[in-house]
Amino acid sequence: MLRIPVRKALVGLSKSPKGCVRTTATAASNLIEVFVDGQSVMVEPGTTVLQACEKVGMQIPRFCYHERLSVAGNCRMCLVEIEKAPKVVAACAMPVMKGWNILTNSEKSKKAREGVMEFLLANHPLDCPICDQGGECDLQDQSMMFGNDRSRFLEGKRAVEDKNIGPLVKTIMTRCIQCTRCIRFASEIAGVDDLGTTGRGNDMQVGTYIEKMFMSELSGNIIDICPVGALTSKPYAFTARPWETRKTESIDVMDAVGSNIVVSTRTGEVMRILPRMHEDINEEWISDKTRFAYDGLKRQRLTEPMIRNEKGLLTYTSWEDALSRVAGMLQSFQGKDVAAIAGGLVDAEALVALKDLLNRVDSDTLCTEEVFPTAGAGTDLRSNYLLNTTIAGVEEADVVLLVGTNPRFEVPLFNARIRKSWLHNDLKVALIGSPVDLTYRYDHLGDSPKILQDIASGSHPFSQVLKEAKKPMVVLGSSALQRNDGAAILAAVSSIAQKIRMTSGVTGDWKVMNILHRIASQVAALDLGYKPGVEAIRKNPPKVLFLLGADGGCITRQDLPKDCFIIYQGHHGDVGAPIADVILPGAAYTEKSATYVNTEGRAQQTKVAVTPPGLAREDWKIIRALSEIAGITLPYDTLDQVRNRLEEVSPNLVRYDDIEGANYFQQANELSKLVNQQLLADPLVPPQLTIKDFYMTDSISRASQTMAKCVKAVTEGAQAVEEPSIC
């Protein structure tokens, strides 16, 4: 099997600067001059010919080269002529030398590319009309621009057996040109050595050697980086052509990272979801749940208002009847008799509208499903509940301590950043919690929360590692805060972070304390003053309970009085809707322009890609209409006015794609000393231990047939998933 060794043993890679692992930063005086088609350009020593050409805007054709992967140099499509050199060179792998004149469009360069393209097409099936890559295929584009206009190959073409690597990625291996991008992505970015090559020459094949599922939460990205149609999306197969779809730039809400995405739609239906570049968040990758769970947007949807009748059955009704029923209850009960719970997929506009509505009936019992300790600093200080170092900041860290989290399946793109830094920057990682299968080596310190006390006191050996670190990070998973001793865990982590700042070489602007959230709405809800957890509702059960997309099962009918009136507003008939007396159908994230705040405190917007199904409406509009019928009209009629209200309550919520720094760690640590709670002996066990736990975590992914197939393939094998035969 071909393997690209990219471990720290590679000299030079570990010292590479952020963003590009193949160039070496030098002083300006050390720049060297080269010429590209006679045009002068100053570059750093070690820059490749291809990078020098791109610096002057000259695009060199390539198949195997990718900016975020190691150099393979095996497709030879990037051959260029160097003046006075005896042979053409591979631009992606050849470092420039002073005074070189690179000829990108000489006759020798053109002839070399034509020859390479002719060899690549010799065994290619040329089945573009039935290939899902058609219209966005590098092989199509480059054969058009750099290939010959006819073929001299008259022999029989080879055929390669397709591989079954799971329900997400479709393989047509006869189209494969052995660029090895997928292999390098799996080994370097995903950290899963499942893919490789067997055979040599004409018999070379890319595959898993033993037929098995490609076990990665980032597997769908090999579809994007494949330059031909060898790897395509199984759920998307034969459904649309790229020029038929409308593309909408948006963000993902399946986790708390806020990955930037492109939603492709046709005839009012989401056809597929692709990644969008954002260097500070997801780079150009997205998780499989982000990419493939979109079919859950078409199933189990709430499309019309519903009311529970005298027989106890939910029946369809009109908006007027449903809103009048809810308004009547709000007029009958006020104050502590009215409460609300916000779920994990709720946007900031709906959160502020619901807050204003309940405040107008003299209620402040607004809760989130996720628990966050309120003892000590609680949620009063914003730096106490953010990933303060930022996602991209991981690349600057030299030590990371993970506490009670499995970032690989809770927040895959954050985990990919940790692996990137571990691979190239000698990052040292340690974990307190259940041992999990991460994509990098780490020191397992144990699973007892009491280890935190030992580290804080300095008696644990790892205390010295943190003390010697220049840029340490302590990352506490939000799942650990759901425990009964969550406040004590938070206080212990805060103490560790503050002692590191005082005793190590940490500079003033480096932030050690970090909270890693799992759901998209939590940070915005805390910014708006929602109470974390539903304990207040359990202690004082209300007469009217508003469930805003609350499908986490944090509260049941048994927790409430029999006469409690429950309103569910959301987009899926999942956990919350069956217990409701009135259902108000809302819009999903692809159907509204809405604000979400990710785990690092960065506000971003989703955009309208399709209209909500049936009679469903945007959440803030439903709440606004309800307030008018109830006689407590909210003072906004448009989205801009709602966002003005957001700005009044929490200005950072409308500073899009910007992170407002928070630095109250010393104050938070002082307040944490007031926490009167003991750490329990129970081990720290994150809820998502294996990849099986990754696929179905919210109302959208639980409604997805594709995600259900993934769970079945993981538990029973890829062969257990029956795929429809397409002729």
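Cβ atoms are placed via backbone N, Cα and C, with glycine included.
Within the same chain, the residues at least 6 positions away from Cys137 ([4Fe-4S] cluster 1 binding site) whose Cβ sits under 8 Å from its Cβ are Cys128, Cys131, Pro227, Val228, Gly229, listed in sequence order. Cys137 ([4Fe-4S] cluster 1 binding site) carries neither a helix nor a strand DSSP state and counts as coil. Annotation comment: Swiss-Prot describes His124, Cys128, Cys131, Cys137 as [4Fe-4S] cluster 1 binding site.
DSSP assigns Cys176 ([4Fe-4S] cluster 2 binding site) to coil in the three-state reduction, outside any helix or strand. Around Cys176 ([4Fe-4S] cluster 2 binding site), a 10 Å sphere centred on its CB holds 23 further CB atoms from the protein chains shown. Annotated [4Fe-4S] cluster 2 binding site per Swiss-Prot: Cys176, Cys179, Cys182, Cys226, in sequence order.
Among the features that Swiss-Prot reports, domain '2Fe-2S ferredoxin-type' is placed at 30-108, with the record citing sequence analysis.
Counting residues per DSSP class in helix, strand and coil order gives 27 helix, 0 strand, 13 coil for the domain '4Fe-4S His(Cys)3-ligated-type' (108-147). Annotation source Swiss-Prot lists domain '4Fe-4S His(Cys)3-ligated-type' at 108-147, citing sequence analysis.
Confidence for the domain '4Fe-4S Mo/W bis-MGD-type' (245-301), expressed as mean pLDDT, is 96. For 245-301, the entry in Swiss-Prot reads domain '4Fe-4S Mo/W bis-MGD-type', with the evidence type sequence analysis.
The N6-acetyllysine annotation in Swiss-Prot covers Lys84 (among others). For Lys84 (N6-acetyllysine), the count of additional Cβ atoms within 10 Å of its Cβ stands at 7 [all protein chains shown].
Annotated N6-acetyllysine per Swiss-Prot: Lys467 (among others), in sequence order, evidence recorded as similarity to another entry. Lys467 (N6-acetyllysine) carries a helical DSSP state (H, G or I). On its own chain, Lys467 (N6-acetyllysine) has Ile500, Thr503, Ser504 as residues at least 6 apart in sequence with a Cβ closer than 8 Å to its own Cβ.
The N6-acetyllysine feature in Swiss-Prot is assigned to Lys499 (among others); the stated evidence is similarity to another entry. Following the DSSP three-state reduction, the secondary structure of Lys499 (N6-acetyllysine) is helix. Around Lys499 (N6-acetyllysine), the same-chain residues six or more apart in sequence whose CB sits under 8 Å from its CB are Ala456, Gly458, listed in sequence order.
Taking the Cβ of Lys709 (N6-acetyllysine) as reference, residues of its chain lying under 8 Å away and at least six apart in sequence are, in sequence order, Pro167, Val721. Look at Swiss-Prot and you will find Lys709 (among others) tagged as N6-acetyllysine, backed by similarity to another entry.
Residues annotated as transit peptide in Swiss-Prot, with similarity to another entry given as evidence: 1-23.
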Summarise the domain '4Fe-4S Mo/W bis-MGD-type' (245-301) as counts of helix, strand and coil residues per DSSP.
11 helix, 23 strand, 23 coil
Taking every protein chain in this structure into account, which of the binding-site residues Cys128, Cys182 has the most other Cβ atoms within 10 Å of its Cβ?
Cys182
Extra residues within 8 Å (Cβ to Cβ centroid of His124, Cys128, Cys131, Cys137), [4Fe-4S] cluster 1:
Pro125, Leu126, Asp127, Gln133, Gly134, Leu139, Gln140, Arg175, Val228, Gly229
Suppose the [4Fe-4S] cluster 2 site is Cys176, Cys179, Cys182, Cys226. Which further residues of the same chain have a Cβ inside 8 angstroms of that site's Cβ centroid?
Ile177, Gln178, Thr180, Arg181, Val206, Ile222, Ile225, Pro227, Val228, Ala230, Leu231
In the same chain, which residue numbers or ranges, 6 or more beyond the ends of the domain '4Fe-4S His(Cys)3-ligated-type' (108-147), come under 8 angstroms Cβ to Cβ?
61, 63, 75-77, 79-81, 88, 153, 157-158, 170, 172, 174-175, 177, 202, 226-229, 232-233, 236-238, 241-243
Three-state secondary structure of Lys709 (N6-acetyllysine) from DSSP?
helix
Measure from the Cα of His124 ([4Fe-4S] cluster 1 binding site) to the Cα of every one of the recorded positions Lys84, Cys176, Cys179, Cys182, then give the nearest.
Cys176
Which residue among the binding-site residues Cys131, Cys179 has the fewest other Cβ atoms within 10 Å of its Cβ, if you could check?
Cys131
